[in-house]
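**Q** To start, I am sharing the structure in question, which I have written as structure tokens.
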């Protein structure tokens, strides 16, 4: 027999789960407890008071009354015995046929048998009793006990015996069915997380503050705001699921708190300022809700399990009601028993009474009533489950009543759990919806961000860059602090890894801002902010991973002068680049693309007439198609770096205004086409460094206007005399080759100012080198030079001399006559410098504050 405590533990659901128990589940739980009490009460009564009393039926009476075709009842003896049975189930009455009437050989007792034996007179009876003698054995009592026990099992209906136990089993099954979804491992973990998160969201200070702001807003205002959002112009969006906007739609659409040109900013009320601890907890809740939604919303196991257990309870109710109703009338007080033991007792038929019959019948009727109520509630539950789509949940009402109009509808198990919570209290879902809103999350981030990044803190992060401009670099923040736009004297703003960057109308205060960097930062702008950027921004750097991250409003900045695009723009994505929109950038002069292009996009020709500088840095991907270059007639500077070029592209020779060409880090081996540069009258600078060039063709002498020639990091072994016929050459860089000799013709370069031959095999310096009196930079490091001629003193304009890494024993004392040379510009071993005369060292040490030239 189960104890009450053991059975009650089956229904021991955590108190926090009560929010998932609708009224019908609570009512069914109480009904199950009442049914459980009925079972325990009936079982207890049966164990303590269940009695069956049987008395024999006289054979003569039975025979005499059986003649007309009916069986009568006999008089009963006054002897009564009791037997208690401890089983609690119920079965039908089993009746056996009567044995043939025989004269008993053994009386039940002398006292009782004498009452049924025929006598001639009372005196004979008294005399026989007086004469009888012997030991009393109570055999008659044992016989009645024996009969009572047999008839309890044979004559009593089974349902009367097992009724309490059946009720107990049925009730336990119903209790288990009601709470199985709380215990099943696949569902209880989700339910546990949901209840935990829901409770924290309900009690979060951020929920209270967010809803308190909503309560302060007039409902009519909300309606106007929601309807007005459809008609107001949209912002340009930079999210991946939004297309490139047209020039007439330069605004992003924002849910929740709206920004417009008339109302550029909404001041954050003081009520929304949270403690740092509360703010961090709210951020953690947003993350938990996001992950829980992703984990639960893709399945409907909880819903199916709840429906399944409700169907099981309904089927159980129908089954119990059907078979129980048939046994109500079988429970009676009187029963006829035919045990077939006449050879032991001498009687074939007994009539028995069951003293618990009336009580069991009343308990059974009560149980049936409870089951009927329980069943009707199960039917109502099924009606509720299938009446509305419980696997869909809409926050439409919450969106209408709050400023968070972006709360998404949910589905599957997430929706079902919220429907269950609504049966407890709809306020839970309303407060929970705050943590599903991106507007709410962004607002929390903005408040926390503005609270942490004050104007004073931002001012401390402002620095001066190489161009002596005031620059602010913000890295990995949740957004852009409002105080940034109070730095009105800022020249350069760098935003890096800020996924939710928004540029509000306050940026119009930053009148000095002309350069903006967006590094993995798909910033969104308001209409007023866009108008300001369109008119004032001159330089924009955009670094991205996917092409969709490029802000679409970039292509609408009509006054933009410089655009730097750094990211993946392979051939498959070229059509998505949106460069066709560059035609709006009428003032664009510099376009810098660092990517992995296989061809120059044809659409770039839309801005070709405006461009003066085009830079393409590939990551090693071979640039094949270059025909589009012919249309860029105004390009003065062209850089094609790391493009795996093997020759100088012929399309370049069509650029009549080209002044500088940089083909760094390619695979160029021969430059025979160099003669074609003679047709480019403005061409002055050729950079062929970091290639595989073996020799310089003599045709280079035809490029009369060449002023700078960079051939470092190639495979040159000699310098042809044709190079020194370029009278306008001012810079010659042949560092890191295999050159062993500097030709004496170098003295012809009277305009040479910078000569770099570091990292070669030169061992002797020709005296003609020092006829280049305009030299300002002379790099001779990492060669095999053994001495420096005294004529170095002729280089009066020399400011940088590199000699480190040679085989020098000393330095000439005439270095002191180089009036502009200082120790900071002299790159040499310390022991050689220390060996100089003191007066020379004094001259070289006169002003050590001059910064190192070319970076020593």
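All positions are counted from 1 along the displayed chain.
Here the Cβ of each residue, glycine as well, is placed from N, Cα and C on the backbone.
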**Q** Taking 120-140, 141-161, 162-182 as the choices, which stretch does TrEMBL tie to transmembrane segment?
**A** 162-182
**Q** Labelled region 'Disordered' by TrEMBL, one stretch among 19-51, 184-216, 217-249. Can you tell me which?
**A** 217-249
**Q** TrEMBL lists transmembrane segment for one of the ranges 318-340, 341-363, 364-386; which is that range?
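**A** It is 364-386 that TrEMBL annotates as transmembrane segment.
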**Q** How many helix, strand and coil residues does the domain 'Disease resistance R13L4/SHOC-2-like LRR' (674-756) contain under DSSP?
**A** 21 helix, 12 strand, 50 coil
